[in-house]
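Novice: So that we are looking at the same thing, I have put the structure below in C-alpha cells.
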Amino acid sequence: MPPSGLRLLPLLLPLLWLLMLTPGRPVAGLSTCKTIDMELVKRKGIEAIRGQILSKLRLASPPSQGDVPPGPLPEAILALYNSTRDRVAGESAETEPEPEADYYAKEVTRVLMVEYGNKIYDKMKSSSHSIYMFFNTSELREAVPEPVLLSRADVRLLRLKLKVEQHVELYQKYSNNSWRYLSNRLLAPSDSPEWLSFDVTGVVRQWLTHREEIEGFRLSAHCSCDSKDNTLQVDINGFSSGRRGDLATIHGMNRPFLLLMATPLERAQHLHSSRHRRALDTNYCFSSTEKNCCVRQLYIDFRKDLGWKWIHEPKGYHANFCLGPCPYIWSLDTQYSKVLALYNQHNPGASAAPCCVPQALEPLPIVYYVGRKPKVEQLSNMIVRSCKCS
C-alpha cells in the first residue's frame, strides 16, 4: 500500500493546475482567472508527473539506479513493449472525444412514432416476424437543429404482457430498403407492462445529417437456425388499430417514441463557428494560435527533467496539459450577475468560471527495471489528448 499522499496524487493532479496561477490582471470576457507564468506551469507539471508515476508503480521512491544492467533490452521485452505501445496508439485513433456541447445542460424532448395506420406503413410487407416504426425527421430537426447538439437518443417501446421468453432484434432502415442490425434484447415472460429502451444516438445523428423525410426501425424476432417458429410474440403498445375514442388516444400517446437529450441552440451559439466544432485535441490545438481552452504541449524527458535513468523506454513523452480561459456564455445584464457578485463576495480567491480540464487521456507504456529484472507496465491516464470546459 503506497503512502496516502501518493494514492491521492492522481486525484489531486487537476488541482495542481489551479495552484499554478500567479497574481495578475484578470483576462477579458468576464473570466475571473488570472495571468499565468508558463515556466511555473511546466515546473509544477513536471513535479506532479514525477509523483504520479511513482504512485502508479506503487513506489515510495525511484529504484536504485546502480541495479540497472547496462546494454540493450532483451528482445522479448522490447517486443512486448512495442506491441503494447502499438495497441495504445490504435485505440487512441479509434476513440472520438465527447462533443463540447456535453458541458451544457440538456433539454429532453419526445418525438412520437408516425401513427400506425399511416400510408407510410403500406410500403412495408405485413409480417408476423416484425413490426416497423417510422419517424418524421422534420420533427427531429425541430427538436435538434444540428447533429452536434445531440447528446443522447433512445427509442422507447412499451411492451405489454408477454407469455413466453423472446429474443428480439432492432434494425435500422436504409434508403435502399435494406436493414442494418443495431441491437438485441432477451425479454422474460411478464404480466406487467415494461418500457424497453435502445440507444440509437449514432443513428439519429445520421438522420439529422442525411435529410431524408422519413426514417425508421424494425423490431424482429430473432431468427434461429434451429427454430421453426420466428413469430414476434411480444405485444408493443401502439400497433393495434381496433381501438376507438379516448382509449385510442391514450393508446396512441404511449406508442413508440424517440427520447432526445440535446443542448438548446441558444445555449450553445458558440458551437456554430467551425473553430468550436473542432475537438480541442492535439490535432487542432498544436496547429493553431487558439487562446481559449486548449491542449498545450509539455514534453517530459525522463533524464533531463526528472533525473531518472531507470526508465529505459520511452526516453520521454508528451504529457501535455490543458490551459486557457473558458468564457462565460451569460452576460452581466442577466439575473445571474447577482449570484456571481454574491459568490465572489464570499469566495474572493475562487473562480466562478468553468475551468479548462482534460477530456480524453491516454495511457503510457514503459519499460523499467526492478533489480535486474525488466518489466513492461502501462501507466493509465498519463497523456492529455483533448480538453474541455467544465
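Every residue gets a Cβ built from N, Cα and C, even glycine.
As annotated by Swiss-Prot, signal peptide applies to 1-29, with the evidence given as similarity to another entry. Annotation comment: Swiss-Prot describes 75-271 as region 'Arm domain'. If you look up Swiss-Prot, you'll see 226-252 marked as region 'Bowtie tail', on the strength of similarity to another entry. Marked as disulfide bond by Swiss-Prot on the basis of similarity to another entry: C285-C294, C293-C356, C322-C387, C326-C389.
Structural setting of the listed features?
Specialist: On the 0 to 100 pLDDT scale, the region 'Bowtie tail' (226-252) averages 61 in the predicted structure.
With a 10 A radius on its CB, C285 (disulfide bond) counts 23 other CB atoms from all the protein chains.
Packing around C356 (disulfide bond) is summarised by its Cβ count: 24 other Cβ atoms lie within 10 angstroms of its Cβ, all protein chains included.
Every protein chain considered, the tally of other Cβ atoms within 10 Å of the Cβ of C322 (disulfide bond) stands at 23.
All protein chains shown were included, and the count of other CB atoms within 10 Å of the CB of C326 (disulfide bond) stands at 21.
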Novice: Give me the CA-CA distance between C322 (disulfide bond) and C356 (disulfide bond), in Å, as a whole number.
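Specialist: Given the Cα positions, C322 (disulfide bond) is 6 Å from C356 (disulfide bond).
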Novice: Between C356 (disulfide bond) and C387 (disulfide bond), what C-alpha distance do you get in Å?
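Specialist: Here the two Cα atoms lie 7 Å apart.
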